[in-house]
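Heads up: the structure comes next, in structure tokens.
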């Protein structure tokens with residue numbers, strides 16, 4: 001999926017507003033995913049997936065950091081996410097559908113925290129960005 005200049009601008013602006021809340025939003029999105037799609041918990045058998053868990057917060061930070069890195073490398077998502085793609089495809093063997101589920105939960109989380117900024121254009125740009133990230137993360141499954 002090709003990101004337009006407007007998409008890139010919207011993504012960078014949105015990530016700028018997320019600022020120091022990335023880890024918090026990442027954890028909240030994971031909690032939403034676990035609650036809405038309980039089968040996703042099977043990938044975290046060693047985690048305490050309850051609300052406020054230190055393990056969920058830690059993984060939420062990893063998710064947020066990876067997305068922040070991707071947002072900073074919009075012209076080279078495959079390069080920026082190559083190691084993460086290898087990890088999820090070959091070691092963790094995460095079902096690709098789970099990236100879409102987490103993406104949806106991230107969009108809901110961002111919209112709930114920034115309703116005034118979550119315009120239809122920003123929503124579309126972030127959705128395209130997360131779909132592009134998901135595509136890159138699943139590229140090594142083939």
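Placed from the backbone N, Cα and C atoms, the Cβ positions cover glycine too.
Since we're looking at a predicted model, the values are computed, not measured.
Per Swiss-Prot, the residue annotated phosphotyrosine among 25, 43 is 25. Residue with Swiss-Prot feature phosphothreonine, selected from 39, 135: 135. Record check of 85, 132 in Swiss-Prot: the feature phosphoserine is attached to 132. Scan Swiss-Prot for phosphoserine across 53, 112, 134 and the hit is 112. If you compare 8, 57 in Swiss-Prot, the N6-succinyllysine annotation sits on 8. When 82, 103 are looked up in Swiss-Prot, the one carrying the note phosphoserine is 103; the rest have no such note there, which does not rule it out for them. When the Cα of residue 138 (phosphothreonine) is compared against those of the recorded positions 36, 59, 125, 132, the shortest separation belongs to 132.
Around residue 88 (heme b binding site), the C-beta neighbours below 8 angstroms that are at least 6 residues distant in the chain are 94, 137, 138.
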